[in-house]
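*Asks:* Straight out of TrEMBL:
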- 28-43: compositional bias 'Basic residues' (COMPBIAS)
- 52-65: compositional bias 'Pro residues' (COMPBIAS)
- 727-816: domain 'Smr' (DOMAIN)
- 1-71: region 'Disordered' (REGION)
- 214-248: repeat 'PPR' (REPEAT)
- 249-284: repeat 'PPR' (REPEAT)
- 285-319: repeat 'PPR' (REPEAT)
- 320-354: repeat 'PPR' (REPEAT)
- 355-389: repeat 'PPR' (REPEAT)
- 390-424: repeat 'PPR' (REPEAT)
- 425-459: repeat 'PPR' (REPEAT)
- 460-494: repeat 'PPR' (REPEAT)
- 495-529: repeat 'PPR' (REPEAT)
């Protein structure tokens, strides 16, 4: 059974669909009424690659009425966009990093190529390089030859030699405009290779010497900052450029929008730049839209990306492979995996063939959405298409096998990488460490870490946080201490992701007191917790009652910045926490009647999140629902949701209304919420449905539970769950699975009473609990076995598969025809406690706060 709490990195984009800009008046297609006409078209799931036809009798709006590029508030939903959260606290990996760059043919002469050969041979020798430049000086034909020379040297990492050539060329050139071209080219070359400091120096010298005050030089420096992700610096140079009286051109604006994407700026900033660009009469091109799509991809704005793509088509701007790869990345980051496959299919229709990046992007999206089999089939498709796997592809494949526990396959991928001349890098080792760690193979983890260091690879922040998290979950506290001490020696600085990963590991062990101490340490270091951090703590209260978390410990969570007994110590408090865990081995006593205190704790966490302006997301909601399921009484669960309505009446109001049996009043609102959840990746969406159904089933709101689970089935939250012959419950929680069994049996009963025969063999699959302490004794299997027994359903555990209940069609048909069967299959809500709850909440709250 899948966990009913989703992974911390999930996304649901509820942003308003992108509104296109009016085209320039010289365009042959009218546009004004077209925008409204095609709003529905843009919000459909199918991505149209055909140029939309403008409506008749449409007129152009005047340029002064150009609308804002995008309203980031949602019109289609009242749910906050923050409810969705970001997929991760880190930005999406740069899929193109490390791939070979394709250079176009320049206009250089053959003498430039000869000069390059000589320069490469003696580039380490300054005097020798000077001699080469003097020898070829009279033969090289102006800025084109010199640009070729120092570009090729720069591509080989010979920066000192490249700079020497540039300085030589500028010194020989007498024309200011040619010197300006050389400077712009040098700045661009340095920027592409991340040498921002050198690019800055060239620019400053050029301006000082009177040939750098050009649009091209400024644009080149903005682009250099953009490529290194320095958005604020790029904007500063842009403003300086305008103050100097220079008018930005298309290259300038494209570079600045690119800076927003690579520097993590929000889409609002990029849209403001785009608006300014249009106001100044600069029309966008393919690079403009590609950069805007990249901003959307990084921010998880799928709807906006789709609108941009469609406007690009309407403007008649051709798409290239980079357009599609970025668009695919936006789709995958938005959880739109099925749409991503549609986009790939339509690429072929446009004669744009997928490349390494295309496949890597979709494979990564499938892996994040938990569709691992589909990801593996894409790898086979990639090989059949003759596309060679690169480092990114191999690392993704290896991570998939590791996450599936298929370590032999993972190691084979590692060997294949090396046979192809691709050495394992830090990403490779991080994936292996995480995969083996999750399976509790700690000896192999230690061996891999030692091998990594023997290969002279420097562990990064993710390496150390992964190792410490693995050791904490395995109660190997001494090892966690040693790794942390090594991390400190390396001079690396912990960030919010590092702390959140450790807090999550402690919470999963039930060590909530120690997670609160880490939270205190985190805030002392000036690092503000994020929604992922708090989700881990809230989720600790949604785990089973066996968690070791006494009421005295829980109160520390409410005051997340309370004084700890180590606050004034000069020693590293994290080391002391780990060392105490190592000495103690068992951190806390058994949990007593702490449920009421737990409710106060959750409310306290919510209050703190609100105070810090950290907005809960869908993972928080699922964790809250899990906590409700663990409440000792219906009153406490309803009270918790009632209090949380003060923070978000729409989201928590749906859960509270369903719990209170008020389906008629909240069902329309619930459907709106379900539509938002439908846009998420499948693992997060299924976790939401599992948590909500579990809560309703736990408190005997069984009709409500069945309605929710059927809505999840209709939305295909659980893939391939239901057929006439088989019900697959692998990915469902116990409550959701029980509700689904009733619905499935009622469905096949209708088949019987319509006069049709059932298949010869019927199956209900639960899995055999391979992760349970006792093999074959999984919680889901136990729940379904108990349910089938209680209703008298004639299913037995299969001899060949202990995670499968089977029966013949004839036997089930006979049982379904029995007079009492319908009564046990039709679910009823238990309403006996609802009236008492409505009158008793005030007194309960008073008791709770005593």
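Glycine residues also receive a Cβ, built from the backbone N, Cα and C atoms like all the rest.
TrEMBL: automatically predicted annotations, no manual curation.
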*Asks:* Within the repeat 'PPR' (214-248), how many residues are helix, strand or coil going by DSSP?
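*Replies:* Taking the repeat 'PPR' (214-248) as a whole: 26 helix, 0 strand, 9 coil.
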*Asks:* Can you break down the repeat 'PPR' (495-529) into helix, strand and coil residue counts using DSSP?
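*Replies:* In the repeat 'PPR' (495-529), the DSSP-based counts are 26 helix, 0 strand, 9 coil.
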*Asks:* Can you break down the domain 'Smr' (727-816) into helix, strand and coil residue counts using DSSP?
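*Replies:* Tallied per class, the domain 'Smr' (727-816) gives 41 helix, 14 strand, 35 coil.
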*Asks:* Compute the average pLDDT of the predicted model within the repeat 'PPR' (460-494).
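*Replies:* Overall, the repeat 'PPR' (460-494) comes to a mean pLDDT of 88.
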